[in-house]
Protein chains: 2
Amino acid sequence: MDSGKDGEDSSVTNPMLESKRTRSNNGKGKGKAIATEADPPAPSATLVTTKAYSPLTKGGGWKKGVAIIDFILRLGAIGATLGAAALMGNNEQVLPFFTQFLQFHAQWNDFPMFEFFVIANAAAGGYLILSLPLSIVCIVRPFAIGPRLLLMIIDTVMMALVVAAASSAATVVYLAHNGSQDANWIAVCQQFTGFCQVSSEAVVISFVAAISFACLILVSSLALKRK
Amino acid sequence: MDSGKDGEDSSVTNPMLESKRTRSNNGKGKGKAIATEADPPAPSATLVTTKAYSPLTKGGGWKKGVAIIDFILRLGAIGATLGAAALMGNNEQVLPFFTQFLQFHAQWNDFPMFEFFVIANAAAGGYLILSLPLSIVCIVRPFAIGPRLLLMIIDTVMMALVVAAASSAATVVYLAHNGSQDANWIAVCQQFTGFCQVSSEAVVISFVAAISFACLILVSSLALKRK
């Protein structure tokens with residue numbers, strides 16, 4: 001009886017190991033262990049271990065679903081950031097009339113904010129592509145904390161970058177549309193309508209990317225929490 | 001012996017309850033239980049329960065420290081957001097010369113971005129003050145998931161709001177300082193130096209608040225993770 005007691009104790013002292021074994025064996029090994037042991041208290045104690053860790057085992061499927069949502073959101077955000085960068089980076093307009101000395105020409109790099117916009121969105125898109133393998137790791141191993149925490153921290157920084165880029169570009173677009181009477185700034189969009197149209201579209205797409213980033217952070221925080 | 005066994009089993013089936021009781025009694029009740037039980041295997045099984053949950057109990061102090069850092073960061077962010085809002089909200093300058101019809105007067109609500117800046121920073125400051133009680137709850141109960149997750153989600157939204165406000169105001173300040181040759185916008189800061197100075201300071205303080213928010217999200221994510 002003493003040796004049987006010892007065997008039971010060692011299985012209880014390492015509950016993490018125990019629950020892992022239970023999952024991998026699909027409960028088959030457990031049934032065998034109960035059958036070989038003739039001592040009555042032994043099965044009850046073994047049962048307890050499984051019970052205490054059942055929320056962890058059940059949470060696996062739920063966490064896998066969250067990880068798949070994370071992956072899909074990332075794909076969408078890649079499209080949005082790279083689309084916004086490409087749209088703004090190819091944005092220029094030449095007006096069909098010109099004087100002897102002057103051609104009316106608007107280009108995206110006339111404004112440093114639009115340059116920042118293109119760089120920030122391209123950087124966010126590049127990061128998102130590089131993050132896809134880590135996101136797949138999170139699908140395969142739903143309980144891994146390290147990769148998810150790393151992704152979440154960089155996601156937060158990138159969200160701040162994309163929001164900053166989008167809102168500074170939005171400010172320029174607003175001023176170009178409406179001008180500012182107090183500062184005596186004219187509304188250049190009255191001439192360059194096409195240029196302003198494309199800029200506005202790029203800004204809207206970039207805000208969509210920012211919302212995707214916010215959802216990514218929310219999803220990661222749900223996946224990080226215990227239970 | 002059987003009744004002693006039963007008593008031990010009930011203490012094992014509810015390990016969460018058990019570990020809580022151990023903490024609140026400072027181990028005194030546990031010692032008594034060992035003293036009254038004459039059965040040799042009983043203490044070893046009881047010991048096991050405490051051992052299995054020791055990382056959880058040990059993590060409490062670490063999590064409490066994280067919660068206190070969260071509280072201090074919140075106090076700093078309150079000062080930064082409300083300071084930035086107050087600085088920008090009182091920002092106006094009247095030039096000492098005027099014509100018969102015109103007085104040169106710059107005020108913060110000449111630009112809609114500055115209005116947005118004041119509103120967003122005041123809103124973030126108000127939220128932070130309201131969040132202090134929840135932050136204290138997180139210090140008192142380091143294992144509570146609900147309040148921390150709620151704080152983290154609203155923190156993310158507020159960080160996006162503050163970053164958007166700060167960067168759109170920064171864009172206006174940049175344009176006021178440098179103008180834009182291509183859009184034919186003049187640099188109004190050449191006249192209104194004091195106004196531009198105060199606006200720049202408010203923008204910098206608001207970016208400090210945004211960094212505090214990023215740190216708050218990082219701290220919350222560390223506190224949410226298992227172990």
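Along the chain as shown, residues are numbered 1 onward.
Backbone N, Cα and C define each Cβ position, glycine as well.
Worth saying up front: this structure is predicted, and the values here are computed from it rather than measured.
According to TrEMBL, the protein has these features:
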type	residues	note
REGION	A:1-42	region 'Disordered'
DOMAIN	A:64-211	domain 'Casparian strip membrane protein'
TRANSMEM	A:71-89	transmembrane segment
TRANSMEM	A:116-137	transmembrane segment
TRANSMEM	A:149-176	transmembrane segment
TRANSMEM	A:202-224	transmembrane segment
For this session: Take the transmembrane segment (A:116-137) and find every residue of the same chain, 6 or more past its ends, with a Cβ under 8 Å from one of its Cβ atoms.
Result: 67, 70-71, 74-75, 77-78, 81-82, 84-85, 88-89, 108, 144, 147, 150-151, 154, 158, 161-162, 164-166, 168-169, 202-203, 206, 209, 213
Exercise. So, by DSSP, how many helix, strand and coil residues make up the domain 'Casparian strip membrane protein' (A:64-211)?
Worked result: 113 helix, 14 strand, 21 coil
For this session: For the transmembrane segment (A:71-89), find every same-chain residue at least 6 residues outside the stretch whose CB is under 8 Å from a CB in it, and list them.
Result: 108, 114, 117-118, 121-122, 124-125, 128-129, 131-132, 135-136, 139, 162, 166, 169, 198-199, 201-203, 205-206, 208-209, 212-213, 215-216, 219
